[in-house]
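Quick notes on the structure that follows.
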Amino acid sequence: MATHLSHPQRRPLLRQAIKIRRRRVRDLQDPPPQATQEVQVQSHHFSPEERDLLYEEALYTVLHRLGQPEPNHVKEASELLSYLQEAFQVQPEEHQQMLRRVRELEKPVFCLKATVKQAKGILGKDVSGFSDPYCLLGIEQKVGVAEGSPVSRRRQKAVVKHTIPEEETHRTQVKSQTLNPVWDETFILEFEDIANASFHLDMWDLDTVESVRQKLGELTDLHGLRRIFKEARKDKGQDDFLGNVVLRLQDLRCREDQWFPLEPCTETYPDRGQCHLQFQFIHKRRATAASRSQPSYTVHFHLLQQLVSHEVTQHQAGSTSWDASLSPQAVTILFLHATQKDLSDFHQSMAQWLAYSRLYQSLEFPSSCLLHPITSIEYQWIQGRLKAEQREELATSFTSLLAYGLSLIRKFRSVFPLSVSDSPSRLQSLLRVLVQMCKMKAFGELCPDSAPLSQLVSEALRMGTVEWFHLMQQHHQPMVQGILEAGKALLNLVQDVMGDLYQCRRTWNKIFHNVLKIDLFSMAFLELQWLVAKRVQDHTVAAGNLVSPDIGESLFQLYVSLKELCQLGPVPSDSREVLALDGFHRWFQPAIPSWLQKTYSVALERVQRAVQMDTLVPLGELTKHSTSAVDLSTCFAQISHTARQLDWPDPEEAFMITVKFVEDTCRLALVYCSLIKARARELSAVQKDQSQAADMLCVVVNNMEQLRLIIDKLPTQLAWEALEQRVGAVLEEGQLQNTLHAQLQGALAGLGHEIRTGVRTLAEQLEVGIATHIQKLIGVKESVLPEDAILPLMKFLEVKLCYMNTNLVQENFSSLLTLLWTHTLTVLVEVASSQRSSSLASGRLKVALQNLEVCFHAEGCGLPPEALHTDTFQALQNDLELQAASSRELIQKYFCSRIQQQAETTSERLGAVTVKVSYRASEQRLRVELLSASSLLPLDSNGSSDPFVQLTLEPRHEFPEVAPRETQKHKKELHPLFDETFEFLVPAEPCQKAWACLLLTVLDHDRLGADDLEGEAFLPLCRVPGLTDCAEPGEAPQMRLPLTYPAPNGDPILRLLESRKGDREAQAFVKLRRQRAKQASQHAP
């Protein structure tokens, strides 16, 4: 009679698990659709009646256990009975009653299921060297024979024919001509008492009657010949004994599979080969109600279900997860039951599948437990071996687990939370079980109408995504209905959607793609973006065109989140479908003015608050600006961040938004300058300390410089280059340059003016002190050295500049140094102009200029050389160089200048003289051969001249002993040939100086008045042959010297010498040179 255990009710579980709906989510109407009906999971608990039947079956199995235990099994029956009592939750009194009742039941028929597999290495009894083996086997019931007695030993050597009745003897087939026969035949051998029963197997060689001629034809060796003689002595048709196997049943395990040696009856041939035997103790006619009414595999399935349920429950009670391994007690009981019921491996696997697949739907344990029975069923699947009822039960288990698995997949976000570390592996294991199940031949034959698994999973994921979205929407539903509250709720919902998509992309998509090739992320994004788009669009319409600041802030956060959501989506392609969020920025257009005004208002408040809190104290030794500059930098960075967040897609509107951002930023910069100066005045008025006022002014200038650096980075922070590329096709050429860059340059110009004004104020405080110290240099006593005279000035600058360097950033300090340097040069020029006649004062000013240059350069830390060496500096340096020189030094410089002029002159428009000059060091004689002059100017009225040449060694103070020399005068000659030689007795040392020269003055002799000047030529003595080397000079080379005139506008050196009225030598030199200049001016060509 069938019970609830044997006929599980079948239901359309797939339809309950998931409804296939093809329409898109965009067609969903609010309110959200009703959730799909949950899968009805069949309970794994049994009714009391079913439990009693199963408990009886388990007790019966333990009580009628046969054979030795397996190595890892429990040996004691009491331990197994206690385990069953705990597993079935039976009270002690009830357990004892059930135990007594089971013991009173009729014992089963004990059977030994023996399988003769094969033999190897048996004796060859035939003439051919082979045998025709067969086996006789049975069970001998021994009564009253002591173990180890002589009778027992004799009986073990006895053959089956003599010990077991013929009706209880079983025989295998005969295998012809082989020494390694294979039978694989199974026999069921009944016995009553395992303690006195033994298994006997005899192996025989079948002997058939053959003629001597036939045997001689099969003869192969001498051993075969001996076999012929031996057989001739025995009876015709008598089989040969090959060996036997005798085993006590009580020594066998419940299942045995071994090779046993074939024993001889005599010691003639001790090695007779081996026989492969399999044994299994089974029951017939079990007296339990379950065994009489239900299929064996069904009872085993229910027993397995009960024990596994107990194992899982025990682990959960101990706060540990079950690792899919059964306890030794459970393994022993299940092994005994399957063996006693003679369940095949296939039916055991099927029972395991039915039990585990049902328990998985109600208990928590690894889904990997299902893989082993799936693999076993697939490996052993033969459809014909199952009855219709079994096929239906297996098909129901497939559809039930599939429906349950799809329901878990639909709710995977809550069933497999990422807060639990093993959730991804558990989901992956479930998917692999479903994949393996749907790939089975059994599944394909029993569930032919099932849709492909990937399609079912995709639809489950799609519906699960929609259900999750509506659940989140309900979770964020505001308590108070209002546009602001609705916006906050929608923002939270969008952020949850993004978080879910991030999880899908990082974790879940990899699992679904690897197992089923399903792109979960793309599917979830497409579904969720339609749902989000409809709600956002409705919300922006409800917000209207006039957006308040609070609502505008909420809309901006929502816009930024949607922008991030769109960027999170799959990579766009040309063939992708239109998304609901495409062009979503247009929904927020009315809110743009509110966003821009909010950004400026917040920034302005921050600037005002930062200035008000600023005490104008540097932040540290390396940071010379104050707190408001840092706050301002953060404020402008926030504006740039807001602009990047906005990143408006429309190019033309994006350009206008950027213009507004730049305009507001520049306006805030100028506002800050006004506020920080006012703050400085406010604090200075309170403290009334000039030094602290200077400190604060330094901080103000530094803050402005820091602000200038921030403003200068606007093109990078607001990505002007990218904007220019985007608006290139929309704006006119140069419009961006004329607009944005004009705004930026205007702001930078305003900041530069403010900085220069502040630095100028600081410079003015120092300029007075610098001018005072420079003026004091003039009044210092003559006995004081110039280096000592400038010490007060240098100490003043060292203190002040060190202070400024400490309190100003490098850019402002450099600007201050530039202003001070310019002012210092101006003061030095004025003082130097008033002291031209005093070489002492000029010397001090010269030393001061040199030290000031070093001071302002500061070993590279101050102004660079190109900033120091201005035109004013160069001119002043030259003037002071001359003014500080003595009269003789000035004369020397004059001749150096004329020598340089002579070297640079190539034109012979005044004529030229040709000379040979050499120096004989041994005699200290300078030899001058004046050869000729040519192309002289006609200075007489007759168109000719009366030239002669005056030779002098200059300067005179270097050659005081040497008198001038003259050549003869040539009448009316413009190309005179003098050919005269002059020798000057002079030492070599003065001749080697750079300013020492031979002055050749060509004059036109005038009898009535002063001689006229034809021109001058300056020959440097340091280049004369023989002057520098010790060897006597050879033939001196000719030198052609163009004639020159003195400078027409006067020479500054002469003017300086002229100002020294009390120096007679200077006045005499100036008088001579003025005379020459006057003569030159009268006849200049």
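Note that the numbers count up from 1, one per residue, in the order the chain is shown.
Each Cβ is built from the backbone N, Cα and C atoms, and glycine gets one as well.
Take the Ca(2+) 1 site that Swiss-Prot assigns to ASP126, ASP205, ASP207: the candidate from ASP132, ASP193 listed for it is ASP132. Swiss-Prot assigns the feature region 'Disordered' to one of the listed ranges (24-46, 944-966), namely 24-46. According to Swiss-Prot, the residue from ASP940, ASP1029 that belongs to the Ca(2+) 2 site alongside ASP946, ASP1004, ASP1006 is ASP940. Checked against Swiss-Prot, the residues SER149, SER423, SER548 yield a single entry marked phosphoserine: SER149. A count of other CB atoms within 10 A of each Cβ picks out ASP946 as the most crowded of the binding-site residues ASP946, ASP1006. Within the model, the domain 'C2 1' (91-238) shows a mean pLDDT value of 80, rounded to a whole number.
Other than LEU939, ASP940, ASP1004, ASP1006, ASP1012, the residues of this chain whose Cβ falls within 8 Å of the Cβ centroid of the Ca(2+) 3 site are, in sequence order, SER945, ASP946, LEU1003, HIS1005, ASP1011, GLU1014. Secondary structure from DSSP puts ASP1012 (Ca(2+) 3 binding site) in a beta strand.
Across the structure, ASP1012 (Ca(2+) 3 binding site) and ASP946 (Ca(2+) 2 binding site) place their CA atoms 10 angstrom apart.
Under the DSSP three-state reduction, ASP946 (Ca(2+) 2 binding site) is assigned to coil, being neither helix nor strand.
A strand conformation is recorded for ASP1004 (Ca(2+) 3 binding site) in the three-state DSSP classification. Other residues of the same chain near the Ca(2+) 2 site, with their Cβ within 8 Å of the Cβ centroid of ASP940, ASP946, ASP1004, ASP1006, are LEU939, SER945, PRO947, HIS1005, ASP1011, ASP1012.
Between the CA atoms of ASP946 (Ca(2+) 2 binding site) and ASP1004 (Ca(2+) 3 binding site) there is a gap of 5 Å. Counting every protein chain shown, the Cβ of ASP1012 (Ca(2+) 3 binding site) has 20 other Cβ atoms within 10 Å. When the domain 'C2 2' (909-1034) is classified with DSSP, helix, strand and coil residues number 7 helix, 55 strand, 64 coil.
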